[in-house]
Amino acid sequence: MTIAIGTYQEKRTWFDDADDWLRQDRFVFVGWSGLLLFPCAYFALGGWLTGTTFVTSWYTHGLATSYLEGCNFLTAAVSTPANSMAHSLLFVWGPEAQGDFTRWCQLGGLWAFVALHGAFGLIGFMLRQFEIARSVNLRPYNAIAFSAPIAVFVSVFLIYPLGQSGWFFAPSFGVAAIFRFILFFQGFHNWTLNPFHMMGVAGVLGAALLCAIHGATVENTLFEDGDGANTFRAFNPTQAEETYSMVTANRFWSQIFGVAFSNKRWLHFFMLLVPVTGLWMSAIGVVGLALNLRAYDFVSQEIRAAEDPEFETFYTKNILLNEGIRAWMAAQDQPHERLVFPEEVLPRGNAL
């Protein structure tokens, strides 16, 4: 009988070679996630730069949206496809453009290109954080936190227009274009009175407050026993001891508020929880808007305001303002619908 001594090694395959090359130590880590991230990010950014530089929105929105037409950084945009395109993916080789690149740009194909590559690019970036965290034995909280902006992007740019009649009703990729979309959301959905929007605002602004308080508190309680010229040179990045005094910080905030965090883990988890929860709530709210779910309606106030000219609240004024936004934007944004509003549905009262 023959006894083989040693460890059995499986035969290496092309997958092992690819894994070695993709995950080797280099200045910019590639990894398996990079196969998704880098091409998608390149195409999304390249498509946006191309669109804002050269491509008009005359055929989709009746607007000038490129630097070539006289726009600047704040007014240029890659606009959504025409309303008649519905939810078509608008491939260059598809039945709409039929391989004609110019026609594809005129129909709004660049928007679909940027939106889809952008979504997969963001997902690739989250996978990159998972992959690197696994490689260096970190927990995956960075990737989990980044799921929040991904949820917002996907809900606003993809799910909302999927619930409506077409990509036309998604935001265009531009600064002023996003502002107009926000006004649209307010006028047609009363978004500011939606509880999910309120939770989102509380999460984002609460996170900003927590960030400012945390940074100031750490700066306030830094140990000074270093020989460096300033705060940033006083400590070695590989030091074993603490940089700041948690005990002093706890004492300070206990005196200010009467309560304070005494545990660093809970403190930092709370700083993660607040913005991530807020953004996720916003994303859920936008999914609701895709289904045309309504915000709060205080009908009793509306009825009383309609019957009593001396009764008005900030709510009833905002409702009138929303009616004005709808009456103005619908005819402007959708001239092809030939919308005609009878007098009784046009804004009334003194809100405008």
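Glycine too: its Cβ is placed from the backbone N, Cα and C atoms.
In Swiss-Prot, the feature transmembrane segment is placed on 40-60, out of the ranges 19-39, 40-60, 103-123. As stated in Swiss-Prot, the feature transmembrane segment covers range 124-140 out of the listed 124-140, 311-327, 328-344. Residues 152-165 are the range that Swiss-Prot records as transmembrane segment, among 152-165, 166-179. Ranges compared are 81-101, 207-227, and Swiss-Prot records transmembrane segment for 207-227. Take the binding-site residues Gln129, Asn142: by the count of other Cβ atoms within 10 Å of each Cβ, the lowest one is Asn142. Sequence-distant contacts of the transmembrane segment (152-165) (same chain, at least 6 residues past either end, Cβ-Cβ under 8 Å): 80, 83, 86-87, 115, 118-119, 122, 171, 279, 282-284, 286-287, 289-292. His117 (chlorophyll a ChlzD2 binding site) sits 18 Å from Gln129 (pheophytin a binding site), counting Cα to Cα. Residues 147-149, 151-152, 154-156, 159-164, 185, 189-191, 194-197, 199-204, 206-207 of the same chain, all 6+ positions outside the transmembrane segment (278-294), place their C-beta atoms under 8 angstroms from a C-beta of that stretch.
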